[in-house]
Amino acid sequence: KHSLPDLPYDYGALEPHINAQIMQLHHSKHHAAYVNNLNVTEEKYQEALAKGDVTAQIALQPALKFNGGGHINHSIFWTNLSPNGGGEPKGELLEAIKRDFGSFDKFKEKLTATSVGVQGSGWGWLGFNKERGHLQIAACPNQDPLQGTTGLIPLLGIDVWEHAYYLQYKNVRPDYLKAIWNVINWENVTERYMACKK
């Protein structure tokens, strides 16, 4: 069974950039719901497999993708953030960003624009294309997980569902994007990058 991961910091730790009320609801209610619904869906899926009921298996696919994706995405998201975050990455990750996007500022602009431009709910991602050995920016709708839908390995995800920012930034998604760069945990993103290069 899947369980809700603990946050590596307090709900109020990312203030003033993301307030405690948002973090508490986002983690203890939204992410928890994905975990619970994923467990229920997997149980039903196992039953359908045991019965050889292919129709039921197919009918459960959207719930599996939505709740499984929600759990995968948020588990990455919490570690991508830190009260000691912000600034720029160092070392190999920074070199790769410069190589693939021209400069850190251009990368930031591109990921911001991609995330702001998501229609409705979804995510903006920095991913690693293992075949090409390059970094890539992508957007995924709803809770579609990056790797499961594009093959890119997720390094940095920006949640642009309204529940991630509305209580603080209302409908002004660009202000939320501007703020989130102050709490990006580049150490975590770098660890993910180094791991997929092995």
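One is the number of the first residue shown, and numbering goes on along the chain from there.
Glycine is no exception: its Cβ is also placed from the backbone N, Cα and C atoms.
According to Swiss-Prot, the protein has these features:
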BINDING   His26, His74, Asp159, His163  Mn(2+) binding site
MOD_RES   Tyr34  3'-nitrotyrosine
MOD_RES   Lys44  N6-succinyllysine
MOD_RES   Lys44  N6-acetyllysine
MOD_RES   Lys51  N6-succinyllysine
MOD_RES   Lys51  N6-acetyllysine
MOD_RES   Lys90  N6-acetyllysine
MOD_RES   Lys98  N6-acetyllysine
MOD_RES   Lys98  N6-succinyllysine
MOD_RES   Lys106  N6-succinyllysine
MOD_RES   Lys106  N6-acetyllysine
MOD_RES   Lys178  N6-acetyllysine
Cα separation, His26 (Mn(2+) binding site) to Lys90 (N6-acetyllysine) (Å, whole number): 30
Enumerate same-chain residues with a sequence separation of six or more from His74 (Mn(2+) binding site) and a Cβ-Cβ distance below 8 A; give 'none' if the list is empty. His26, His27, His30, His31, Tyr34, Asp159
Based on Cα distances to Lys178 (N6-acetyllysine), point out the closest of the recorded positions Lys44, Lys51, Lys98, Lys106, His163. Lys106
Rounded Cα distance, in Å, between Lys98 (N6-acetyllysine) and Lys106 (N6-succinyllysine) is 9
If one looks at the chain holding Lys106 (N6-succinyllysine), which residues at least 6 apart in sequence have a CB under 8 angstroms from its CB? none
Pairwise CA distance, Lys44 (N6-succinyllysine) versus Lys51 (N6-succinyllysine), rounded so that it is a whole Å: 11
Work out how many Å separate Lys51 (N6-succinyllysine) and His163 (Mn(2+) binding site) at their Cα atoms, rounded off. 38
Starting from the Cβ centroid of His26, His74, Asp159, His163, which together make up the recorded Mn(2+) site, report each further residue of the same chain whose Cβ lies within 8 Å of that point, ordered by sequence. His27, His30, His31, Phe77, Trp161, Ala164
Taking every protein chain shown into account, which of the recorded positions His26, Lys51, His163, Lys178 has the largest tally of Cβ atoms within 10 Å of its Cβ? His26
I'd like the number of other C-beta atoms within 10 A of the C-beta of Lys44 (N6-succinyllysine), please. 16
With every protein chain in view, how many other Cβ atoms are within 10 Å of the Cβ of Lys98 (N6-acetyllysine)? 13
Quick one: give me the count of other CB atoms within 10 A of the CB of Lys90 (N6-acetyllysine). 11
Measure the Cβ-based neighbour count of Asp159 (Mn(2+) binding site), defined as the other Cβ atoms within 10 Å of its Cβ. 26
